[in-house]
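**Student:** Got a structure for you, written out below as structure tokens; questions coming shortly.
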Amino acid sequence: MLSRKGIIPEEYVLTRLAEDPAEPRYRTRERRARFVSKKGNCNVAHKNIREQGRFLQDVFTTLVDLKWPHTLLIFTMSFLCSWLLFAMVWWLIAFAHGDLAPGEGTNVPCVTSIHSFSSAFLFSIEVQVTIGFGGRMVTEECPLAILILIVQNIVGLMINAIMLGCIFMKTAQAHRRAETLIFSKHAVITLRHGRLCFMLRVGDLRKSMIISATIHMQVVRKTTSPEGEVVPLHQVDIPMENGVGGNGIFLVAPLIIYHVIDSNSPLYDLAPSDLHHHQDLEIIVILEGVVETTGITTQARTSYLADEILWGQRFVPIVAEEDGRYSVDYSKFGNTIKVPTPLCTARQLDEDRSLLDALTLASSRGPLRKRSVAVAKAKPKFSISPDSLS
């Protein structure tokens with residue numbers, strides 16, 4: 001029997017599975033458009049860009065950013081066009097030298113065995129991909145042919161370097177590593193050390209670590225300045241805590257990242273009722289680090305809308321000790337349980353700490369009352385009758 005530590009108390013009941021597939025996908029009320037999707041994609045469409053030529057100043061990045069069908073099309077067409085272009089050059093050299101005229105075999109040709117455009121095209125492929133010459137080869141008769149041979153080899157090497165490098169960068173892009181960095185589907189707000197905290201869980205499915213991992217969080221909401229200026233996407237950085245202080249994390253096992261809602265937090269006036277009808281609140285979480293195996297910087301992103309924040313719940317433990325090592329149960333990665341939490345804003349809690357004292361007293365009496373009621377209702381396993389004593 002495996003020894004386990006950190007078993008969930010029996011009085012707690014699992015209330016929500018964060019990855020519950022049965023949750024309805026469509027809602028009756030209209031939701032605010034996300035700035036960042038749950039998978040980390042930025043929901044921004046760029047329109048009316050006048051200076052399109054700026055993209056051509058960085059051709060390599062433009063090719064890497066293209067979709068795979070477009071990249072493969074450019075990859076194929078670049079080689080085909082270069083072969084056809086130099087095939088035309090070889091055909092013109094043979095035509096100018098008179099190598100295409102039938103019945104004249106006394107002159108030494110510039111390139112042997114070129115009698116048509118098809119043979120010139122085959123010779124162009126043989127030169128550029130260096131698969132070796134067959135019956136066609138360059139002679140010493142035409143210095144121009146030797147120069148074209150050198151130019152085509154250099155151009156072929158440049159095309160290989162650019163296109164193969166582009167394909168390699170697309171297959172080794174950093175966002176591929178981010179597919180195994182996961183966030184909890186829901187965030188929670190509950191008490192920790194007597195303060196309301198915004199919490200989420202983050203984990204890494206791979207054994208290879210993320211070096212120098214840091215996590216940041218921003219609140220994006222629509223605001224209006226005192227001068228009447230409407231800012232549709234006002235971004236505010238808020239500090240995150242991971243139990244040891246600072247933004248750096250050691251992501252060897254899933255961690256609960258939390259933000260203390262204090263007077264400097266944009267969530268200071270957030271109430272439980274605001275989570276059901278708040279349309280302008282979006283919390284963006286960014287995890288960034290260096291991939292241990294490749295050394296490439298990767299970034300994983302997600303966001304939480306107001307209705308994706310659970311008030312008065314916390315994440316269940318998923319790390320247990322088994323046979324001298326720690327085991328992580330990812331099936332409970334998004335599970336939460338209800339815990340006593342004041343139904344007020346952090347500002348109201350700071351102004352009236354008696355709410356916290358009353359909550360602490362009620363929670364301490366709760367388990368005792370449950371046990372006393374259970375003992376009172378329990379039936380004895382056996383009874384002793386007076387006749388048996390006589």
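Yeah, the Cβs are placed from backbone N, Cα and C, and that goes for glycine too.
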**Student:** Scan Cys110, Cys166 and flag the one Swiss-Prot records as disulfide-linked to Cys142.
**Tutor:** Cys110
**Student:** Name the residue range among 100-105, 130-135, 172-177, 244-249 that Swiss-Prot annotates as motif 'Selectivity filter'.
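**Tutor:** It is 130-135 that Swiss-Prot annotates as motif 'Selectivity filter'.
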**Student:** Using Swiss-Prot as the reference, determine which range in 117-133, 304-320 is annotated intramembrane segment.
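**Tutor:** It is 117-133 that Swiss-Prot describes as intramembrane segment.
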**Student:** Look up Cys142 (disulfide bond) in the DSSP assignment and reduce it to helix, strand or coil.
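**Tutor:** Its secondary structure by DSSP: coil.
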**Student:** Which Cβ among the disulfide-bonded residues (Cys110, Cys142) has the fewest C-beta neighbours inside 10 Å?
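**Tutor:** Taking Cys110, Cys142 as the disulfide-bonded residues, the minimal 10 Å Cβ count falls on Cys142.
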**Student:** Give residue numbers and ranges for long-range contacts of the topological domain 'Extracellular' (134-142): same chain, 6 or more residues beyond its ends, CB-CB under 8 A.
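**Tutor:** Answer is 93, 97, 107-114, 119, 122-123, 126, 149.
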**Student:** Return only the integer: C-alpha distance in Å from Cys142 (disulfide bond) to Thr341 (phosphothreonine).
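**Tutor:** Cα-Cα distance, Cys142 (disulfide bond) to Thr341 (phosphothreonine): 89 Å.
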**Student:** Checking distant contacts: for the transmembrane segment (143-171), what same-chain residues at least six beyond its ends satisfy Cβ-Cβ under 8 A?
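**Tutor:** 59-60, 63-64, 68, 71, 74-75, 78-79, 82, 86, 89-90, 93, 110-111, 124, 127-130.
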